[in-house]
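These come from Swiss-Prot:
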- 1-17: signal peptide (SIGNAL)
- 59-241: domain 'FAD-binding PCMH-type' (DOMAIN)
- N205: N-linked glycosylation site (CARBOHYD)
- N272: N-linked glycosylation site (CARBOHYD)
- N281: N-linked glycosylation site (CARBOHYD)
- N389: N-linked glycosylation site (CARBOHYD)
- N431: N-linked glycosylation site (CARBOHYD)
Amino acid sequence: MHLQALTGLATLAVTAASQTLWSRDVDYKALSKELSASAKVYFPGTEDFDAASKRWSNLDKPTVNIVAVPATENDVVEITLDLTQANTLRQVKFANKKNLPFLAQNSAHGAITTLGQMKQGIEIYLNQLSGVKIAKDGKSVTILGGTASKKVTMGLWEAGKQTVTGCCECVGYVGPALGGGHGWLQGRHGLIADQFESMNIVLANGTLATVDENSELWWALKGAGHNFGIVTSVTSKTYDAKIKNWAFASLTFKGEKVEELYETINKYILKNGTQPTDLINWSYWFNIPDLDPTGPIVQILLMQEGVDVVDKAYTGPFQELKPLAVDAKKGVYTDLAKWVGVTTEDGPCQKNGAMNPRFPIYLQDYNPAAQKKAFNYFADNIRGDSIFNGSLVTFDGYSTEGVKAIDSKSTAFAYRNQNILVGPLLSYQSNGTATDEKASEIGHKVRDILHEGTGRDTVPVYVNYAFGDEGPKEWYGSEAWRQSRLQELKEAYDPKGMFSFYAPIA
């Protein structure tokens, strides 16, 4: 799905009982001596440790012996980049010397099962590496590695600026960008990663490097960046916020209309991959018992830039299908997250102990028959008192003009030609392995049905939503040249595979 508060990769907690699993030959407290006075180290059994290592999804979570927190000055003071990045650097060196696994964590919303391969290691918690500094000429912004998307959005907005960020407020800015990164403004400017001008990154050898378009690593960092280091800051393009107003419309239908609804989206919204730049279309499948107690509904969401009411050319065809409920709002760009339910206060941003595996797939357009088949299967498994009744399927239909304007070979992100990002999300409180296996079965089946409807051989997967069993060809593109280039760069920059817990290249 979508999500903010910091940035990097991911990690999690261990209980008091797991303290017995610690490597007895490692003096973890020695790490404190390696850091500045304002840095922090958290140990199991403390509230700080529990809070810092808590995850959005508890399925196949990593286990952590210690949490190290790089220091910064407080958020209202200009952050000294050299100091904060040096702290991260020392932690990497400590882990290297002790031969310990480590993960950098942002908001901990990564749900990929490969994270569970991180055992008894160090979490580098980036929440203090948070800050936004706009350049004097207003054309770029430097963002520290642990900065939340909301902080970036609001900091720029107050200065009359914008850049492409993730949609969900509780997700970090950098983390999604390392996998490409979708956002509201991508129709105008491209992916989040397309905004990068340079970045500072701690590499596997413990050195801090400044990387830009002149580095061979630049290509890989924009799409497969989780595999190459810890980003401590990034400088990105900014744009004047010339158009401030947005309009929103939601139309909710009984599931029996699913086939007609997606035919309508194909005809009036997608338009064979030419969706208007100022228009965004999402849709959800989920339970709203007050509207339909018999099963999940289909909710169509339309967001349009530069108007106070969504054009009837887009809402009219849906109105003709007689929705159960309709809502309309007007506001500004910063209202979008609230309208679609992904603010820091909304459900997708809460860490409540649930399992939240996702099973993403990209689509060119909708196969209405496949949509109906997938919906019916999903509905049969989440309706009523099912343990999975809090699950949903999301369909993100951003404008893609800005994404497609960039050469597909210029970055490691492989799916610029795709128009729809689908994110089946099985959300539940696990009561055992059998339940986890059933959730996996449901999620995979929904994806399989949609994939069969495309007639394609390969399954294109958004790496930031990945379940974990797909593989490099699905995450990073099946072309042989892409796989070869990534493997060569991995061998050159991380031959020991130190950054291989999130969707590893090899």
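Numbering starts at 1 and runs along the chain as displayed.
Each Cβ is built from the backbone N, Cα and C atoms, and glycine gets one as well.
Structural mapping of features recorded in Swiss-Prot.
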residue: N205; record: N-linked glycosylation site; DSSP class: coil
residue: N272; record: N-linked glycosylation site; DSSP class: coil
residue: N281; record: N-linked glycosylation site; DSSP class: strand
residue: N389; record: N-linked glycosylation site; DSSP class: coil
residue: N431; record: N-linked glycosylation site; DSSP class: coil
Are there any residues at least 6 positions away along the chain from N389 (N-linked glycosylation site) with a Cβ closer than 8 Å to its Cβ? List them or say none.
N287, I382, R383
Which one is it: of the glycosylation sites N205, N281, N431, whose Cα lies the shortest distance from the Cα of N272 (N-linked glycosylation site)?
N281
If you count Cβ atoms within 10 Å of each one, which of the glycosylation sites N205, N272, N281, N431 comes out on top?
N281
For the domain 'FAD-binding PCMH-type' (59-241), would you mind checking the mean pLDDT of the predicted model?
87
Using C-alpha atoms only, work out the spacing between N205 (N-linked glycosylation site) and N281 (N-linked glycosylation site) and round it to an integer in Å.
44
